[in-house]
């Protein structure tokens, strides 16, 4: 598992992980209310739903979260996949951001971005286009796949780990991620995400694993 090994997600019954920062830490860009709903209600609901779906499935209870995602994807169990993937996606997202983050990175990740996108500015343009262009609910991701960085988007609960990709960064573009503070202005939210929220240390740690 990527960074999520530290989140109490590795075995049934799954537990809502604590945020790695205070809910108020993203002011003035986000209010604590956004995190109270996003983490405390939406993410928590996926955790509880997953536990309820697994309560009579002893074989699945022996699997870790990534194994459950893989099993439910292969067996087309949509309910289990959706909730398991959303538990994983959200925990990964919480580590993808940090207070006073964003801006231009340095080190190996910047070198790789320049190699694969031409420049950091071009990466930002492409990432913003993919994140804002996702129709309806979903996610925008920076992944490492086929020996290069790629930007991909997934609809609803879709996750790159179900397709053999290594996720480095996640941007949640479900409306519950930004609607309290930004209403229908997803482009503004994505712009704030890039400029003020990305945890580049986390991204680089995932790249160098």
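Glycine too: its Cβ is placed from the backbone N, Cα and C atoms.
The structure displayed is predicted, hence computed values, not measured ones.
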Candidate from 90, 95 that Swiss-Prot assigns to the same Fe(3+) site as 38, 172, 176: 90
Find, for the listed binding-site residues 38, 90, 176, the residue with the lowest Cβ contact count at a 10 Å cut-off, counting only other Cβ atoms. 176
Starting from the Cβ centroid of 38, 90, 172, 176, the recorded Fe(3+) site, name every other residue in that chain with its Cβ within 8 Å, sequence order please. 39, 42, 43, 93, 174, 177
